[in-house]
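K.L.:
Annotations per Swiss-Prot:
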- Cys573, Cys582: [4Fe-4S] cluster binding site (BINDING)
- His675: chlorophyll a' binding site (BINDING)
- Met683, Tyr691: chlorophyll a binding site (BINDING)
- Trp692: phylloquinone binding site (BINDING)
- 70-93: transmembrane segment (TRANSMEM)
- 156-179: transmembrane segment (TRANSMEM)
- 195-219: transmembrane segment (TRANSMEM)
- 291-309: transmembrane segment (TRANSMEM)
- 346-369: transmembrane segment (TRANSMEM)
- 385-411: transmembrane segment (TRANSMEM)
- 433-455: transmembrane segment (TRANSMEM)
- 531-549: transmembrane segment (TRANSMEM)
- 589-610: transmembrane segment (TRANSMEM)
- 664-686: transmembrane segment (TRANSMEM)
- 724-744: transmembrane segment (TRANSMEM)
Amino acid sequence: MIIRSPEPEVKILVDRDPIKTSFEEWAKPGHFSRTIAKGPDTTTWIWNLHADAHDFDSHTSDLEEISRKVFSAHFGQLSIIFLWLSGMYFHGARFSNYEAWLSDPTHIGPSAQVVWPIVGQEILNGDVGGGFRGIQITSGFFQIWRASGITSELQLYCTAIGALVFAALMLFAGWFHYHKAAPKLAWFQDVESMLNHHLAGLLGLGSLSWAGHQVHVSLPINQFLNAGVDPKEIPLPHEFILNRDLLAQLYPSFAEGATPFFTLNWSKYSEFLTFRGGLDPVTGGLWLTDIAHHHLAIAILFLLAGHMYRTNWGIGHGLKDILEAHKGPFTGQGHKGLYEILTTSWHAQLSLNLAMLGSLTIVVAHHMYSMPPYPYLATDYATQLSLFTHHMWIGGFLIVGAAAHAAIFMVRDYDPTNRYNDLLDRVLRHRDAIISHLNWVCIFLGFHSFGLYIHNDTMSALGRPQDMFSDTAIQLQPVFAQWIQNTHALAPGVTAPGETASTSLTWGGGELVTVGGKVALLPIPLGTADFLVHHIHAFTIHVTVLILLKGVLFARSSRLIPDKANLGFRFPCDGPGRGGTCQVSAWDHVFLGLFWMYNAISVVIFHFSWKMQSDVWGSISDQGVVTHITGGNFAQSSITINGWLRDFLWAQASQVIQSYGSSLSAYGLFFLGAHFVWAFSLMFLFSGRGYWQELIESIVWAHNKLKVAPATQPRALSIVQGRAVGVTHYLLGGIATTWAFFLARIIAVG
């Protein structure tokens, strides 16, 4: 008699038709909340409607229902992303000079927007070269399209239609997985399955398919383009895929097919999977064969990683076990209980993801210029500056978001009763030590970094250049950074034997790459000026962290307000009758953190913009002499505050200020308008609620006199609403001002 183990029963992971689709309900504003659904009594109603529409925690306390709403919303988000992408590709297909740019990327600028002449604004259509008039774009899409092997506007058009189909599909999926087949809570909490699928599927197969596309489509097409073949003469992508002989003409080892792979003779593939380092001298971008190799390697790693976790079969890691095994000599219970936190609090999960993704986005910003991945990207200075600035801002916002959701987790999801002596509890118990030390670090960095500048301004004002901190007087060389640069410059042939050049030209080593008479990249010298501004970076980053971390660690309680958790995530003050307790909510810390994030990122992008114009970007003469855009003035000018104001902000603002009457005039208008938006924010930040309520009541009196008073009572913004409106306009105005300043400058001189 054979005893079989009982067959595991198949788990039912979805509920069928849980919630009916009702247009009547959707049409009712505030249907998710009993209070808001009643309709407006006062104008505060519209603010509450916006504040709570996506705060799913406030609609219900059922974790399964919250999870389904978040999951469904993600499909809506993906749908919008596909719609946006489709629009980008459609503009490339319908309104752009892509084919002209492809034939001569060094002399023709990218443009995908032509302004219609309605009130004379066709002045904005500048001459981008090749007889095309339009607005110069700085998104880098042209460079990506070339790298992926797109050779005609018809291909862009087809891709745009494909993206629309996917947008519709995602919209349908969002509806289907909420109204027709909604996953159960257990499905959302099955982290091992999620990790396996995300690692092996999204990252593994995603990278593998991209590597395949690069080898079979991008590489051959780019090889033809680099050789100067007319895009119309190049075979179409499907011809390369279906006809191996075509590829074998370019890469002879293709004739052998998969034999070298199975016989472990992998070096045969080194024609199209390379490890060269450095930049392709024709395009100024990374070698596309290096990139294909990289994606293949990444794919292997993630396909392996996607088989690491224990699911239906009893092998592999369990995440709970891994976390609970993490105990050090100083960490008490270690990560015990972390598994439960991350599977029951999506805020905690989101917080970690935002912190990682924000940091990664900033890493991307730094790699886009130091290892420019796409052809002709490095010499398109406006695009380089835009990509750096964009990724820095996005990274900053994501990191502040991480702190926001960590604080929401602390207020709404943290259960102190069953958390004892684990890592989080231990951090909370010595939060005073953490915050006071961090505060000391901020004061130290602030006084010393700013003090160096003040010293230099004073010496400069007194006419004592020999007593300044500079490369020509008292040197403060960044010796550690220079050592790291040098190590990387020496790496090829030593630590990485197969490599012919270092990972980035910025490390050093002497060689520079120029494309079409413009510098793509060269070794970036670091000196006293960089040492000074890097300490300002350290200062602003630490202050941002201080504010955000204080908000998280004191979100539930503090000496001032021991019962803070009961007041919620955002509240103006601890009730009337307790003075000095305003602006202590977790939300207020996020609010204040945003201003310091703005400070920090502004200094970074100013540093980048000036440093690149001074020491990297420029033109090269026939004799090989490089002339930089601002003639290398960074090292001597940026060491005083006065220098930053005079030689960077003022000197480089001339293009945007003098843009009227030219194709850059829109930037001049934006520069003006965004300053106005920024100034408008101060009205919300520097005035009180009572002032406005008094004003409103006299205006209501006038309406009553004329018998035109509205049924909905006007109310002044609450304290929190006023600060939210204020910080929004502050950031929007500041970012748009910087954008206009940067682009008018770099399009004019780059």
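Any Cβ shown, glycine's included, is placed from N, Cα and C.
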K.L.:
What whole-number Å value do you get for the CA-CA distance of Cys573 ([4Fe-4S] cluster binding site) and His675 (chlorophyll a' binding site)?
P.N.:
32
K.L.:
When you tally the Cβ atoms that lie within 10 Å of each candidate's Cβ, which of the binding-site residues (Cys573, Cys582) has the highest tally?
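P.N.:
When each Cβ's neighbours within 10 Å are tallied, Cys573 tops the list.
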K.L.:
Is the transmembrane segment (724-744) close to the transmembrane segment (589-610), in the sense of at least 3 CB pairs under 8 angstroms with a sequence gap of 6 or more?
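P.N.:
Yes, the transmembrane segment (589-610) and the transmembrane segment (724-744) are in contact.
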K.L.:
Looking only at C-alpha atoms, tell me how far Cys582 ([4Fe-4S] cluster binding site) is from Tyr691 (chlorophyll a binding site), rounded to the nearest Å.
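P.N.:
Cα-Cα distance, Cys582 ([4Fe-4S] cluster binding site) to Tyr691 (chlorophyll a binding site): 18 Å.
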K.L.:
Let's check the environment of His675 (chlorophyll a' binding site): how many other CB atoms sit within 10 Å of its CB?
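P.N.:
So the number of other Cβ atoms within 10 Å of His675 (chlorophyll a' binding site) is 15.
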K.L.:
Cβ-Cβ under 8 Å from Met683 (chlorophyll a binding site), same chain, 6 or more residues apart: which ones?
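P.N.:
Long-range Cβ contacts: Gly726.
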K.L.:
Based on Cβ atoms within 10 Å, give me the single least packed residue among the binding-site residues Tyr691, Trp692.
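P.N.:
Least crowded of the binding-site residues Tyr691, Trp692, by Cβ count within 10 Å, is Tyr691.
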K.L.:
Return only the integer: C-alpha distance in Å from His675 (chlorophyll a' binding site) to the residue listed as 'phylloquinone binding site'.
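P.N.:
That separation, Cα to Cα, works out to 24 Å.
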K.L.:
Where else in the chain does the transmembrane segment (346-369) make close Cβ contacts, counting only residues six or more beyond its ends and a cut-off under 8 Å?
P.N.:
66-67, 70, 377-378, 384, 387-388, 390-392, 394-399, 401-406, 408-409, 412-413, 521, 608, 612
K.L.:
What else in the chain is close to the transmembrane segment (531-549), if you only count residues 6 or more beyond its ends and a Cβ gap under 8 Å?
P.N.:
399-400, 403, 434-435, 438-439, 441-442, 445-446, 448-450, 452-453, 456, 469, 476-478, 481, 589-590, 592-593, 596-597, 599-600, 603-604, 607, 638-639
K.L.:
Cβ under 8 Å to the transmembrane segment (291-309), counting only same-chain residues 6 or more beyond its ends: which ones?
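P.N.:
Long-range Cβ neighbours of the transmembrane segment (291-309): 147, 191-193, 195-201, 203-208, 210-211, 214-215, 218-219, 272-275, 316-319, 373.
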K.L.:
Between 70-93, 664-686, 724-744, who has the most Cβ pairs under 8 Å to the transmembrane segment (385-411)?
P.N.:
724-744
K.L.:
Below 8 angstroms Cβ to Cβ, which residues of this chain, lying six or more residues outside the transmembrane segment (70-93), approach it?
P.N.:
54, 56, 112-113, 139, 141-142, 145, 153-154, 156-157, 159-161, 163-164, 166-168, 170-171, 173-175, 177-178, 183, 188, 346
